[in-house]
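What TrEMBL records for C796, C839, H840 is Zn(2+) binding site. What TrEMBL lists as domain 'Lantibiotic biosynthesis protein dehydration' is 101-460.
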Amino acid sequence: MSSPSFGSDVFSEIYRHILINSEKEILQLQNSLIPKEALNKCFESAFLPILRKAWERPLILEMNFANQDGLLQGDSEVERFKFFVREVCKPENFTALCEKYPGLWESWQREMGTCTAFLKCLIGHVKSDIESAADHFYGDATVAVIGGIYVIGDPHRGMRQAARVEYINKDGLNRTLYYKPRSLAIDEGFNSFIVWWNHRFPIDHCVPRALNRGDYGWTEAIVQRECETTDQVRSFYRRYGSLMALMHLFAATDLHMENIIASGEYPVIVDLETLFSCTLEAEKHHPTNGHIYATLLLPTDTVHGAVEISPLSAQAKAQTDIDVLVNPQQRTCFLKMEEKKAITGDTGSQVIFKSEGVDFSKHEQDVISGIRETLTLLYLNRDCVLAAIKENMGGSQVRIIVQPTDEYGKILYNIYHPNSLRNKGAALDARALCSGSRDADIMESEIADLGRGDIPYFQMPFDEPVLTNGLGNELSTAVFQSPRQKLEYQFSRLTPAFIDEVVEDTKYAFLAHRVRRGEECVGQKLTCNRMLAAFSDNQWLDELALVAMNGIMCRVLHIGGRYYWRNMHVTAELTIRAGLSEVDLYQGIAGIALAFHVVGQRQSCSRFLNFARCLASQVADQLDDLPVELGALSGTAGVLWAICTINADQLTWLLSTIDRELAKLAYRLVTETFEKYEQLDFLAGVSGTLSMLLRLHRLYCEYPIGKEIAWLADFSFTLLKNKADALLDDKATLLGFAHGTAGVSASLAEYMSYFGREDRDAIAIILRNLKRETRYRTERGWPRFDQNDACNTSWCHGTVGIGYSRLLCRPYIPADVYESDMSTVKARLGEDQASLCLCHGMTADYYLARALGLDGTEMLYRIRKEVEAHSIKTDFGLNGFEIVGALTGVSSLFVGDAILFNKI
């Protein structure tokens with residue numbers, strides 16, 4: 001297991017110069033037990049990540065400046081690099097560097113002192129404890145020598161980190177222990193509980209043994225081991241399912257790929273500090289709170305959509321979609337940071353059999369078997385199991401995760417950006433997560449921790465609803481459930497129906513994973529063809545809507561007093577993950593509510609109309625706790641339009657919600673830093689926000705708040721004009737409606753038409769966009785640059801979307817160009833697509849044909865035949881109720897007029 005060392009870094013000479021005094025302090029702690037070599041490993045593994053974070057970028061920048069100015073001496077780029085390194089180490093030059101970057105020296109002095117103090121403490125604990133720990137875990141009466149001390153993990157509470165300690169016993173055997181700078185009461189408690197569990201129930205588990213020393217402790221090393229037989233492989237996955245069931249009821253979090261080791265036939269949790277969780281008052285209605293997806297044991301998008309973090313699906317040494325800046329470690333005066341895709345580590349969570357990784361999808365049924373069996377055991381033995389947990393966990397401290405650790409890591413990295421260091425901008429960087437929707441005490445603690453170089457840390461006693469920060473200070477943050485109360489609530493939910501729901505959640509996550517891998521997946525089809533056969537084509541769509549919306553209603557989940565659906569989420573990188581519906585129009589609750597409203601009105605179905613109002617009321621409540629988002633379909637403005645449309649006969653009820661969200665939206669628009677054209681797009685950018693503000697104004701134009709909506713629409717229009725040309729990249733900016741110039745042009749035109757104002761600058765932008773789009777047009781339509789220039793027919797990226805754009809822009813573009821483009825659009829209307837949904841499928845063709853005055857009978861007939869043959873085909877080849885929402889999924893077939901033309 002490799003650890004960072006100075007020898008691998010091109011700036012090692014400078015780093016040793018910077019650390020000369022700290023290194024002396026640490027090396028003087030050597031003795032016969034801990035030789036100099038072991039202390040060197042400890043020192044370098046602790047300091048190198050900090051040095052790189054702080055010094056690497058300023059050094060590279062200054063070297064390039066000096067090279068450009070001809071200040072570096074040498075006949076080759078390597079010699080000039082060496083010259084720079086030597087010069088930096090000279091006192092006068094090093095002083096000048098620190099004076100140029102005052103924030104660097106101030107922060108570095110603090111972190112160097114804090115880290116040195118921690119290392120002294122760590123080495124002291126190793127000296128005092130190693131022999132007793134070796135005896136406790138391995139029965140080694142004598143430790144011959146420490147081979148290495150390697151600092152690992154994130155810095156918390158004074159830059160304290162975990163460490164891997166390797167030693168050789170008197171018989172010459174290599175051993176490994178782990179040092180953890182926190183109380184291990186929770187580890188000891190879980191160990192005792194598992195011992196109790198294994199004596200009573202058929203699925204046994206393994207957990208690392210722990211030695212608690214109060215504010216620190218030791219655990220045994222759990223190593224990844226191969227399974228020796230196929231029965232062991234199956235046993236592993238059955239145990240994994242059992243562990244999932246337990247962790248779900250514990251309301252555990254953060255059990256990602258680095259916290260589970262596949263040790264033969266046992267999945268072993270090696271970091272237990274998030275074994276439980278609390279519920280903060282502000283989060284009590286969040287759907288993933290206490291959900292099995294929150295454990296991270298299943299492949300979902302609960303934390304990070306761009307990385308496969310579940311222990312089941314994570315791949316060691318796999319390339320991700322995350323861009324990171326890395327130093328290529330080349331000794332050249334032209335050295336520059338390079339952008340590369342992040343690579344996952346060698347986590348040890350994958351099952352190995354016959355020297356190869358096992359594909360967990362072949363053992364889904366074993367996982368499900370373990371879940372169902374264990375949940376049934378817990379249901380039948382609820383009282384005694386709950387009592388055993390509480391008895392063993394009393395007095396434990398639980399780490400509470402309030403933000404993903406990588407978000408904090410980004411901030412710590414940004415604090416040391418050369419611009420921040422030169423302008424002393426670290427204070428602003430440390431406040432990057434501050435917003436009006438977050439708890440003030442938590443934010444103040446985060447700022448303080450980040451300012452000290454720590455990843456923020458929060459804890460809560462198992463039995464008490466009191467949140468404490470990294471310094472141990474109690475916060476006034478409102479807590480709804482302590483870990484113990486949340487555990488009791490989870491156990492109170494145990495019923496046969498709950499067990500079935502958890503199993504379905506698991507199956508859904510597995511389905512999403514298969515879709516992500518490109519496997520052909522068939523969902524649960526509609527079984528209504530015989531029922532609908534007697535209806536004519538014109539009646540058929542309305543009758544299908546009744547059947548489909550009833551099916552969606554039957555699949556609703558009721559979590560914490562609110563309604564949700566399982567849904568598949570797709571990131572910008574086309575990563576597909578299982579999750580729970582959010583509030584947006586695209587595939588969230590607002591879109592589903594709108595579908596119930598539209599179908600309810602069309603069919604005079606009071607049950608649907610009442611359910612739509614119920615969902616709209618829930619969404620209005622949820623908006624208070626959510627940050628505002630830009631865009632028509634994934635943004636706040638679109639959500640406001642939907643819930644106001646549903647409540648059009650009682651608009652005054654939503655005035656307070658509109659007022660609050662408009663203020664948040666205005667602040668977002670004013671403070672946003674616009675760097676990419678995508679921030680202007682229709683789906684999730686300024687143009688979509690503008691279009692939905694116009695719809696909202698139409699509803700509230702006779703209310704005083706209509707003036708505020710109009711002002712914000714004016715601001716958005718001006719912002720769009722000012723940014724549209726500046727952010728356009730001719731070779732990269734997309735052409736389509738949802739994410740490209742066609743959508744931006746449409747929103748500008750819609751604004752001018754709605755208010756009856758002609759704006760020369762806006763018209764000029766529309767015409768320039770049109771000229772560019774025409775330049776790239778082919779007989780098949782308009783290419784999608786991010787998909788190998790494919791010309792599809794969808795509303796989102798293809799000819800149908802261009803058609804909608806041309807309809808809105810028609811008053812401002814030449815008639816011959818309009819007719820030429822529409823000829824291309826019409827020629828491809830009704831072509832077969834992989835989906836029927838509004839965003840990416842044939843349904844949008846049908847609604848566009850009707851808007852153009854064309855006969856849509858043939859298209860509706862083709863849609864009917866597709867449904868009769870394959871059910872409702874949605875994205876990724878699914879054909880059941882796996883995806884819902886107003887733009888994707890089953891419900892999108894019935895809301896085209898509302899979403900695309902604001903016709904209810």
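Any Cβ shown, glycine's included, is placed from N, Cα and C.
Owing to the predicted nature of the structure, the values given are computational and were not obtained by experimental measurement.
Taking Cβ-Cβ distances under 8 Å and a sequence separation of 6 or more, the neighbours of H840 (Zn(2+) binding site) in its chain are S794, W795, C796, Q833, A834, D875, T888.
In sequence order, A738, S794, W795, H797, S835, C837, L838, G841, A844, D875, L887, T888 are the same-chain residues whose CB sits within 8 A of the CB centroid of C796, C839, H840, the residues recorded for Zn(2+) being left out.
Neighbour density for C839 (Zn(2+) binding site): within 10 A of its CB lie 26 other CB atoms from the protein chains shown. Just so you know, the Cβ of C796 (Zn(2+) binding site) picks up 26 other Cβ atoms within 10 Å once every protein chain is counted.
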